[in-house]
Amino acid sequence: MGKKGDLSDFECAMVVGARRAGLSISKTADLLGFSCTTISRVYREWSEKEKISSERQLCGQKCLVDVRGKRRMGKLVRDDRKATVTQITTRYNQGMQNTISEHTTRRALKQMGYSSRRPHQVPLLSAKNRKWRLQFAQAHQNRTIENWKNVAWSDDSRISAATFKW
């Protein structure tokens with residue numbers, strides 16, 4: 001049977017309750033759907049230390065970016081929305097005793113709800129095209145919807161008059 005993660009406090013209490021009610025380890029395992037090893041480990045911890053909750057979530061290295069650090073990092077992002085992770089990390093590490101890596105910055109920003117994206121490349125309008133568009137809009141600003149319905153719109157490709165048979 002594979003590892004499924006920590007048992008909740010309620011599941012541990014069910015294990016302890018079933019064992020205290022007189023059920024064997026194998027009967028408790030069948031009833032609750034856990035392995036016999038898990039049942040015996042939970043009951044042993046309860047009988048020796050009177051503890052039911054798991055403390056595995058406390059293991060691992062403490063995060064280098066605490067609540068205050070996340071506020072500071074959020075301010076750095078808001079000050080320059082186009083800053084790269086490298087730039088944010090460099091600015092964050094200035095004046096800090098414990099420096100962080102770019103990977104830590106990326107992870108903290110993701111936890112804060114920020115995600116990276118690239119802006120879509122759009123063709124820029126030249127000054128000449130902007131002038132033509134403004135002239136067209138000013139010349140046709142008084143047209144009605146009925147007038148515009150009579151206009152045949154096409155894309156910017158070239159169409160020769162010979163292709164149409166009237």
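Each Cβ is built from the backbone N, Cα and C atoms, and glycine gets one as well.
Just so you know, TrEMBL annotations are computer predictions that nobody has curated.
Taken from TrEMBL as is:
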- 70-142: domain 'Transposase Tc1-like' (DOMAIN)
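Using DSSP to sort the residues of the domain 'Transposase Tc1-like' (70-142) gives these counts of helix, strand and coil: 42 helix, 0 strand, 31 coil. Confidence over the domain 'Transposase Tc1-like' (70-142), given as mean pLDDT on the 0 to 100 scale, stands at 89.
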